[in-house]
Amino acid sequence: MTLLSIILLPLAGALLPLFTERFGRTLCAYSAAFGPLCALGILLGSASSVFSGHTEHVFFAWLPEIGLNLSLRLDGLGLMFALLIVGIGLLVVLYARYYLSERDSLGKLYALLQLFMMAMLGIVLSNNLLLMIVFWEITSLVSFLLIGYWSHQSDARKGARMALAVTGAGGLCFLAGALLIERIAGSFELDAIFAAAEQIKAHANYPVILVLVLLGAFTKSAQFPFQFWLPHAMSAPTPVSAYLHSATMVKAGVFLLARMHPALAGTDGWFYLVTFTGMATLLFGAYNALFKHDLKGLLAYSTISHLGLITMLLGFSTDLAVVAAIFHIINHATFKASLFMAAGIIDHETGTRDMRKINGMWKYMPHTALLAMVAALAMAGVPLLNGFLSKEMFFSEALHLESMGMFSWIFPLMATLAGIFSVAYSVRFIHDVFFNGEPIDLPKYPPHEPPRYMVVPVEILVGLCLLVGILPNLTIAPFLEAASRAVLGHEMPDYHIAIWHGFNLPLIMSFVALAGGLLMYKQRSGLFAFYERKFRHDEKILFESRVQFSVRVAQMFTDFIQNNSLQRYMALLIGSAVVAIGYALLPNMQWMGPLSVTELEPVSLLAAIILAVGALGTVLLHHNRFAALLLMSVVGLVVSLIFVRYSAPDLALTQISVEVVTIVLLMLALYFLPQMTPNESGAKRVGRDILLASAAGLGMGLITFAMLTTPYETISDFYLANSVSGGGGANVVNVILVDFRGFDTLGEITVLAIAAVGIYAMLNGLHLPLPQADGDGRLWDKEPHPPILSVMARILLPLAILVSVFIFLRGHNAPGGGFIAGLVTSVALILQYVASGTVWMQQRLRWRYRRVAVSGVLIAVLTGVGSWFFGYPFLTSTFGHFYIPLIGEIELASAMAFDTGVYITVVGATLLILAHLGKLAQTTHSPRPSTSTSFTEAELSKGEN
Amino acid sequence: MEILISVVIALLTSCGVYLLLRGRTFPIILGLTLLTYAVNVFIFMSGRLNPGASTIIGVGERYTDPLPQALVLTAIVISFAMTAFVLVLALRARAELGNDHVDGRNSVEEVKS
């Protein structure tokens, strides 16, 4: 539980600074430090148990179905990284308080920093690979926001985008690798994966897994050839750079290498890929760092090179190399964070980061200069500083490696070369910035020491560099031991960290590097000219051009499929459906099942012919819209006959009443639309559409036939068996609707009500030109409401209502129910509208149909909620028998109340739609009888050609 | 009978899809309705052909599968709501654009895509 709070504290703490920002910057900083401080306390508290070899676990199931669990572990590696993350995070909080100008929002920076801290802690404490990836992606996202903190600068935006693109792509590779690992290990839990290490390494997919996981690690840790994002991420505020690009984000990649070391390392593939990538990065970074004039640029390339060094050591994967790698992770984090902070101070005080301008700072800020120089010497690997110890171990491991046979000399050689460059750029950092004459037109002059507390974090870090460098066994050894044990999986190899190992080969290499580095720096003018001539390359331009290129390709593709023509979308959609389903079904389709075909009935054949005439007629006559509509209604009637024939009286009743409402609706709408469809499809278009339609129809027909001739097991036996006993109704279809699947029905009437309200909104303020004549040019009758019809309709109304009540009441036990009753009521009321007009109806029926529809849904919901009061789940129904005087015993089910809701919704929604559409005709008709005739006639003449 | 039903569904689908591919709103709505018939009958037929059966307990000797019927019943009502919605959308589009072409274009030359 305490383990979980380590992650939750910064997460909760992320909100604090946003609230406290208005009370001043110092309070804001305190509140930002609160969460991490508590986390630090918890971590230190559990340190001793970790040192003794205990691994703490926490496990909560999150989405166990896919293997994602909130599963954490605190082992030596996790502890070491967590301390780095929280510790340096706290120093960055203090530093940022003084670094950020008044204009920038301190609270936002703190919130993002803590969010980032949370994600990093999540990565290092995860015991579940999938969980780790979740946090991994959060670091990518939050780092995007942090790098782009100054979002008004285009550099910051582009740098942030590049970092996100590169690390995000790597994260996806990592995810793919993790999924493959799970297929072999059977779990995402790290313990299970470590246990299955041998199976993973022996598996045919191992090379793929390795490459994918390494891609994730290499992109995050800026390894060659993905290093280019890191220098561009320097457009972030310096506290962010000090945190992300020294101690945390870029270390996530090497952390992943260390974490997956037990599961993936120890093969040739690992050795070659990791070692040589590390070596290339080491040299590339060290070489480029020397030539950067930007202070942070130098540090960025130096970071790349040190990350390469760590990667290379992990690639060696001997026991001592792993110890050295972990040691260097700590050392690099301390000296590089302090250097970034020092660079930020110099930037802050001089207003520039250009080393050609910043000179002679020793005179102006001796305190900062001294600290920065010590840190830079640690970076160069000078004795008595921590960088020296791990570099010495690196040289020694490079010397002892014999995996490459006769080519093994390449490692010490390259290591020394990188050492030379590393000394050279460190010396440049010291000499160019703090000495080398006077500063040249600084934006801020004269520079002076920064606020006292801004230097404190640097002092602490430099103090650690010295302490570890001089007394390694008293300070760092237990952490190192616990971390190495976690990576190696067994006890520590016999080793001791010491400043003096005697006069041996690694020491000579160190001296060569020191001397060579000094010499190289002395010859810098020639080298600089050479670099300027030969090696000027800008990854940003390349990256941006790639981005532009992919945008163009995407645009071309979009333009092809999205040409703003619904007809093309439809054709593509139907075509894709036909192709996809055909591709899946054709190869192993069984055209006919084992059941034999039943005999053809003559009456059914006749009905089918009528249906065919209706359907084909609708298509053939679709230019004459009214005729097509009438023919289509024939199809609807035959469909309801199909329902009758095959034992579905409920469906037949619903179909026939919906049919009436639909046709009335379509006729009403047709009144406002052109009566004719112009003939505008070319022969090619018609041919294509006939082809598509035939393919779709043929496919549906074949699937239907295959389905009908295949025997099946129904799942409805449950409903048949429990309808009376459980639902209190004999009509199983109705009981399914209002009881067994009541929740679906609730959703459905909600959709109906939403559609009605949407239609109401669309009709609001709609003005349509009114036709004065029908399709053949005959004028509409002046008397819209013939008396015979209105008298008949009024007589019919009570009868129809009676019928609908009857249908409603018997619905539970015989064909009927809320839907059908609602539709019958609607039809009866619509008939009144048609016969007597909207005005007449409005005077008599003052319902607001919106309210009716919504209250129907509300009744249904309340029925469902009601069962909560009796301690049952939502929509549990009950029923009982009641005795009413005169009528006798009747059965009442609570589902009846639900069905009432359905009934009211159907009536409300249907009338809302139709009455408002009808009112449209009325309102636009009467006041201005002949306004828009010209438009209508133009429309008509077009329709007829 | 199975063949006949299959032919009916095939025909309804073809007619529906063809009309769906037209360029004016009203034929598209007709096509949508035809396609709805096809789909509803198809879902209904997943309960197989059961003439003379019943879904009412205690009536008749054989029972047919009530579940597809319940599904289709809701489907009929939902498709009514959908038809109405699309129809009013078409009216609104005609009012806003001045024509009833789905792409908001009126002249014959423009609609070649």
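Quick reminder: no glycine exception, Cβ is built from N, Cα and C everywhere.
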Of the residue ranges A:193-216, A:817-840, the one that TrEMBL records as transmembrane segment: A:817-840
Quickly jot the same-chain residues contacting the transmembrane segment (A:895-918) by Cβ under 8 Å, restricted to those at least six beyond its ends, or write none. 661, 664-665, 668-669, 727-729, 734-735, 737-739, 742, 745-746, 749, 752-753, 755-757, 759-760, 763, 808, 811-812, 817-819, 821-823, 825-826, 829-830, 833-834, 838, 841, 847, 849-864, 866, 875, 877, 879
Is it possible to list how many residues within the domain 'MrpA C-terminal/MbhE' (A:685-764) are helical, extended or coil according to DSSP? 66 helix, 1 strand, 13 coil
For the transmembrane segment (A:409-427): best-contacting stretch of A:162-181, A:497-521, A:817-840, by Cβ pairs under 8 Å: A:497-521
Lying 6 or more residues past either end of the transmembrane segment (A:107-125) yet within Cβ distance under 8 Å of it, the residues of that chain are 3, 6-8, 10-11, 13-15, 17-21, 28-29, 31-32, 35-36, 39, 72-74, 77-78, 81-82, 85-86, 89, 92-93, 96, 100, 131-132, 134-136, 138-139, 142-143, 145-146, 149, 237, 239-240, 243-244, 248-249, 252, 255-256
Can you tell me which parts of the same chain pack against the transmembrane segment (A:791-811), counting only residues 6+ beyond its ends and a CB-CB cutoff under 8 A? 653, 731, 734, 817-818, 820-822, 824-825, 827-829, 831-832, 834-836, 899, 903
In terms of Cβ proximity under 8 Å, which residues at least six beyond the ends of the transmembrane segment (A:80-100) contact it? 6, 10, 25-26, 28-29, 32-33, 36-37, 39-40, 43-44, 74, 106, 109-110, 113-114, 117, 120-121, 124-125, 237-239, 242-243, 246-248, 251, 255, 326, 329-330, 333, 337, 341, 344, 348, 450-451, 453-454, 456-458, 460-461, 479-480, 482-483
